[in-house]
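**Student:** Take a look at the following structure, please.
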Amino acid sequence: MTPLIDPFARPISYLRVSVTDRCDFRCTYCMAEHMQFLPKKDLLTLEELDRLCSSFIRLGVQKLRITGGEPLVRRDILTFFRSISRHLDSGALKELTLTTNGSQLAKFAGDLAACGIRRVNVSLDTLDPAKFAEITRWGRLPQVLEGIEAARAAGLRVKINTVALKGFNEDELFPLLDWCAKEDHDLTFIEVMPMGEMGEELRLDQYWPLKDLRARLAERFTLTDLAERSGGPARYVRIEETGQKVGFITPLTHNFCESCNRVRVTCTGELYMCLGQEDMADLRAPLRASPGDEALEQAIRAAIARKPKGHDFDYSRQTVRGQVSRHMSHTGG
Ligand code: SAM
Ligand code: SF4
């Protein structure tokens, strides 16, 4: 079978799938407090999600990341993980992983490890319980820390993802770094993105460019750029004094589009070829049209043939240009 290659000769080897739009948190930069969630009939069933992921794997996807919303609040999600892990056993899939807010990890870590998951990304923006409650609205820090501990106990490697928020966690840069060093977690900072219709001013107020964050780090430490790339927007540095590796995800710069190897599917089966563009292909209709996967694979190929060269996010004029109207919890971070 010919693998998926887009018009700019980029092989598509990485798929991120959102399995739900729901979440037990309401992070202020991600969701409104009172969200209208999708009716259940619109969501892909676990079987449909399995068919969809399996088709992508047949077409050459080697890395699968499950996200949301909060993936671990989807009912029976372990059934999906158990089933899809057959592709790890066969060797077709090299890595199965997830991005989570950590709230349910204490319950699921052991089972996830048993499915062949080796690493999880846990989003954590602050180590202060009061600030944690403020930014996540509904979240509680001790529950997440307990989940992270359970993940470690189950043998999972934990990467902490921290959204850099001006005036919110600027003062926690070094405490977060120290904590990750002590706990042996990798750490990646994410620049806040203009997602959803949450108000331009708020978003620009919160915008803490990672180049500023990096400069602050460099005041205290010697940073060495690492060549390591993931095909995504992350760049890594090593902190010479501690040996720690720190990642920076700057989705607003164009420096990663040329090596982009990924696409995203929402929980309703919309395939987004680029996080920063509105163009998408509906995969739910071909999934539901026939029990076979031929129409589905045709739709996937047709969509990849229109993957754009890059995105149009731009903060440079102090207005949010190229803003996309969907929330992160919809496209799945
Ligand atoms: N609920 C899971 C979690 O929080 O890890 C998975 C889904 S969440 C949408 C995925 C990632 O997107 C999280 O690390 C979150 O911090 C990040 N995110 C959400 N909204 C964002 C925004 N506006 N800008 C940058 N990152 C955002
Ligand atoms: Fe939920 Fe993750 Fe969005 Fe926070 S960032 S509201 S945890 S989906």
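Placed from the backbone N, Cα and C atoms, the Cβ positions cover glycine too.
All annotation found in TrEMBL is predicted automatically rather than curated by experts.
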**Student:** For the [4Fe-4S] cluster 2 site, TrEMBL lists CYS257, CYS260; sort out which one of CYS180, CYS274 goes with them.
**Tutor:** CYS274
**Student:** In TrEMBL, ARG16, ARG65, LYS159, ARG262, VAL263, ARG264 are given as binding GTP, so which of THR99, THR100, THR224 is in that site too?
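**Tutor:** Same GTP site in TrEMBL: THR99.
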**Student:** Are any of the binding-site residues CYS23, CYS27, CYS30, GLY69, CYS257 near ligand 2, with a Cβ under 6 Å from it, and if so which?
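**Tutor:** The qualifying binding-site residues are CYS23, CYS27, CYS30, GLY69.
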**Student:** For CYS257 ([4Fe-4S] cluster 2 binding site), name the DSSP secondary structure in the helix/strand/coil scheme.
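**Tutor:** Note: CYS257 ([4Fe-4S] cluster 2 binding site) is helical by DSSP.
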**Student:** So if I measure Cβ to Cβ from CYS27 ([4Fe-4S] cluster 1 binding site) and keep only same-chain residues at least 6 apart in sequence, which ones fall under 8 Å?
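**Tutor:** CYS27 ([4Fe-4S] cluster 1 binding site) has long-range Cβ partners ASN101, SER123, ASP125, ILE135, THR136, ARG137, GLY139.
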**Student:** Please compute the mean pLDDT of the model over the domain 'Radical SAM core' (7-233).
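**Tutor:** Taking every residue of the domain 'Radical SAM core' (7-233) together, the mean pLDDT is 94.
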